[in-house]
Amino acid sequence: MSEKILDEISHRRFNPLTNSWLLVSPHRTKRPWQGQQEAAVANKLPDYDPKCYLCPGNPRAAGDTNPKYENTFAFVNDYSAVKEQQPEYEHHLIQLRQENDRPDLEASLLKAEGVKGVCYVLTFSPKHHLTLADMSAKETLPVIDHWTRIYANHLAASNPLKELVAKVSLSVSQDEAPTPKDEYRYMQIFENKGAAMGCSNPHPHCQVWTTSSMPEEPGKEMDAMAKYRKDHGGRHLLADYVKLELAKAERVVWENDTFVVICPWWAVWPFEVIIIPKRHVRCLLDFTDAERLHFAEAIQEVTRRYDNLFECSFPYSSGIHQAPLKGTQEEIDNSYLHMHFYPPLLRSATVRKFLVGYELMAEPQRDITPEQATVRLRNCGGELYRKSLS
C-alpha cells in the first residue's frame, strides 16, 4: 500500500530515537478553529535597547555589567535552574530496605537525588533586533564556535574527546568561554525563540545548561542509539536514517555537503525538523572548519524558512544533542550529534498547536503529516520575507 494514504487516514508512527509512538490525524486540519490565537509579533525592535539586560554595556538584573562585546557573549545565568554548590542529597537510590520481609514503600516510590550544575546565557549578536533568521551563515559561525568552546571547556578530564580540543581552531579562545569549577555529566544547548515559547527577552540568545545527571530526553536517545548499534552490526541509527531519507526524498527539506534537514517520520510538532550530519559526528568538536560553516548554513535555512512560512518571527524551541561531557568510550562512540527544532505554529502566525488532552493523557498527536509539512517548508526558501518590506 502506498504511503500516500497516510495523508488521509489516522495512524500511529514510531520514534526509534525515544522508543515511543505518536498519533497522526491529518483530517483534523479541516475542522474550524475558534480557539486561542497568538498575537502576531512585528519585528520593529531597535538594534540597541538601553533597558535590555543582554545588550552590550548594559547592567543585568543581578548587578553585573555586560562588556561591549562585538559578536557573542556568555555569562552564568543570573537565575540558574541548578547550582554549582549545594548540600549533597541522596534518598533511597541504591537498594530497598526490607522490613518484615516487605519492601519499604517510601524507598520504592519516593526516590530523589540532588543535581548540581551551572547554567549559562549566550548571546548570538550585539544587535538587539536580530534573530538567527536575520543573520547570515558567516554571522552565525561565531555562535557555533562559542558553543564548541564552551563544550570543550566542560569536558571531563577522562573524556576521550579531550584530545580533540588542541586540534580545533575556533574564533573563541579558551579564556573567552566559561570554565566550570567541577565536572558534569551532560550539556544541553537550547534556544527558546519568541514569547509563545516562554522567551522573556527578544535579544538573540540561547542557554547552555550543564548538569551532574543525564537528562531524560538525550538519555533515552543514547539508550536507543546504543541498542540499535549493537543490534545492527555497529551501524548508527541516525546514519541509517539519513541514508533512508535521502533515498526516499519525501521528508528532506534541504541539504548541503555535510547536513540534511528533515521533517522526521516521527515528528510531533506541525513543522518540526531535525538537522543531522551525513557522516558520523559525535559532538561539536568533530566538525572541520568547513563543516561548522555548513552547520551555520543549515541553521540559517531552517530559521529563515520558518519565518517565511507565515511571514512572522516564527517561535520555536531548538536544541543540540551530542556526546556527554563525562562518559565511557562506548557512550561517546554511540553518540550522534543532531539538532531538534520544535515550533508550535500550526495554521498561521496566530494559531498554534497545543499539547493537551489526549497528548498529555495518552500519547502525542499531530494534525498534518510530516510529508505535508516538508512540501510547505521546501517552498519557503529564498530571501527572508521582511527584507523586501518597505
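Note that Cβ sites are derived from N, Cα and C of the backbone, with glycine treated the same way.
Source: prediction; values computed, not measured.
Pulled from TrEMBL, these are the features on record:
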| type | residues | note |
| --- | --- | --- |
| DOMAIN | 8-215 | domain 'Galactose-1-phosphate uridyl transferase N-terminal' |
| BINDING | 28-31, Ala61, 77-78, Asn192, 198-200, Gln207, 353-354, 358-359, Gln365 | UDP-alpha-D-glucose binding site |
| BINDING | Cys52, Cys55, His128, His203 | Zn(2+) binding site |
| ACT_SITE | His205 | active site, tele-UMP-histidine intermediate |
| BINDING | Glu221, His321, His338, His340 | Fe cation binding site |
| DOMAIN | 222-380 | domain 'Galactose-1-phosphate uridyl transferase C-terminal' |
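This view paints the features noted in TrEMBL onto the structure.
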| residue | record | CB count, 10 Å |
| --- | --- | --- |
| Cys52 | Zn(2+) binding site | 17 |
| Cys55 | Zn(2+) binding site | 22 |
| Asp78 | UDP-alpha-D-glucose binding site | 13 |
| His128 | Zn(2+) binding site | 22 |
| Cys199 | UDP-alpha-D-glucose binding site | 15 |
| His203 | Zn(2+) binding site | 23 |
| His205 | active site, tele-UMP-histidine intermediate | 20 |
| His340 | Fe cation binding site | 21 |
| Lys353 | UDP-alpha-D-glucose binding site | 21 |
| Glu359 | UDP-alpha-D-glucose binding site | 16 |
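Closest in space to His321 (Fe cation binding site), of the recorded positions given as Cys55, His128, Cys199, His205, is His205, taking the CA atom of each residue. Spacing of His338 (Fe cation binding site) relative to His205 (active site, tele-UMP-histidine intermediate) is 19 Å (Cα to Cα, whole number). Separation of the C-alpha atoms of Asp78 (UDP-alpha-D-glucose binding site) and His340 (Fe cation binding site): 26 Å, rounded to the nearest whole number. Apart from the site residues Glu221, His321, His338, His340, the chain places the Cβ of Leu17, Glu217, Pro218, Ile274, Gly319, Ile320, Leu337, Met339 no farther than 8 Å from the centroid of the site's Cβ atoms, the recorded Fe cation location. Ranked by Cβ neighbours within 10 A across all protein chains shown, the binding-site residues His321, His338 are led by His321. The CA atom of His128 (Zn(2+) binding site) is located 25 Å away from the CA atom of His340 (Fe cation binding site). Around the Cβ of Glu221 (Fe cation binding site), the same chain contributes Leu17, Thr18, His321, each under 8 angstroms and 6 or more positions distant in sequence. Compute the center of the Cβ atoms of Cys52, Cys55, His128, His203, which mark the site for Zn(2+); besides them, the chain residues with Cβ within 8 Å of that center are Tyr48, Asp49, Tyr53, Leu54, Asn58, Asn201, Pro202.
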